[in-house]
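Taking it in order: structure first as structure tokens, then the write-up.
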Amino acid sequence: MSVLVFIENWDGKLKKASYEAASYGARLAAKLGVQAHAVVINVADDASVLGKYGIDTVYAIESNELSSFNNYKMAEAITTAAKESGAKVLVLSGTFTGKMIAPLLAVHHKAALITNAVADPESTSPLKVKRSAFSNKGYVYYESLAETAIISIVPNALGITEHSGKGEVKKLDFTPTTPVQVEVVEIDRAKGKIPLPEAEIVVSAGRGLKGPENWGMIEELAEVLGASTACSKPVSDMHWRPHSEHVGQTGITINPQLYIAVGISGAIQHLAGVSGSKTIVVINSDPEAPFFKAADYGVVGDAFKVVPALTEAIRKYKAQ
């Protein structure tokens, strides 16, 4: 028995979410008294670095058929690594990719599927996992009664644990048998300099901006702060901004040091994705906006006056 962690990569590079998933898997393996392994697919980085986060063996799969996203082939590749490692617990980060693959793995392995895990397991016999519910307004505990368990963790919720040493990298041959079922037509890539899940400062805006033509002032504020830009779900749904910038329960979960929300009312679905922010600043013309209750600092005012004034003040301060 062992724990296997699926380590995602972005253009062949490992990111914060990769190390967070590895850390969770390693802590779980320690509780179970077994080894923690990982599987990487088409990774250009030195995968042995995962040993620093508690991984004993890294199974590296290279396949041109996995270069374009295909859920079924990815699940098949992970299953191959699971059989090789003897894994009975599989861990994934709850990213868009992870959310698509986890149910397929559960079917492959006839396994229990526990999503939205927000803490290390309470117990291991049976495996008891805490997960978020009701837009982070409550929590429930799931127990896995199946022989195999698939656990999907909430990104940016569990932290990173560092160890010493390197993981052993083993190349794993893989030839997919699953036919092509999806053709990738277009990839909507985030245009920010820093990926949202890793950004220390995020400037986000909602329908209060009244239209996509007014987004320039948000980008200017983000530029002077060295921040990434984000948006609320309605803004993404109306195609004012790309879906890759949507933060919230059904979008990206973030935990920056500073989150500035401009013209966002603060629905619980949005708060679920940003509640991990260390400091929240809300700018809204409506003093009754629900977001103010979650804010560390609030400005009641016209965003079209407040944001440019704030940007200019920061420029002057940085020029001193």
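Every residue gets a Cβ built from N, Cα and C, even glycine.
Just so you know, TrEMBL annotations never went through curation; they're auto-generated.
Pulled from TrEMBL, these are the features on record:
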BINDING   Arg207, Gly263, Ile264, Ser265, Gly266, Ala267, Ile268, Gln269, His270, Asn284  FAD binding site
DOMAIN    3-194  domain 'Electron transfer flavoprotein alpha/beta-subunit N-terminal'
**Request:** Report the largest Cα to Cα distance, in Å and rounded to a whole number, among the residues Arg207, Gly263, Ile264, Ser265, Gly266, Ala267, Ile268, Gln269, His270, Asn284 that the record lists as binding FAD.
**Result:** 18
**CB within-chain contacts under 8 A for Arg207 (FAD binding site), separation at least 6** = Ser232, Pro234, Val235, Met238, Gly263, Ile264
**Prompt:** Out of Ile264, Ile268, which has the highest number of nearby Cβ atoms, where nearby means within 10 Å of its Cβ, if these are the binding-site residues?
**Reply:** Ile264
**Message:** Excluding near sequence neighbours, so keeping only residues 6 or more apart in the same chain, what lies with its CB under 8 A of His270 (FAD binding site)?
**Reply:** Ser232, Lys233, Val247, Gly248, Gln249, Ile264, Phe291
**Message:** Just to confirm: which same-chain residues, 6+ apart in sequence, have a Cβ under 8 Å from the Cβ of Gly266 (FAD binding site)?
**Reply:** Val282, Ala289, Pro290, Phe291, Phe292, Lys293, Ala294
**Prompt:** Over the domain 'Electron transfer flavoprotein alpha/beta-subunit N-terminal' (3-194), what is the model's mean pLDDT?
**Reply:** 89
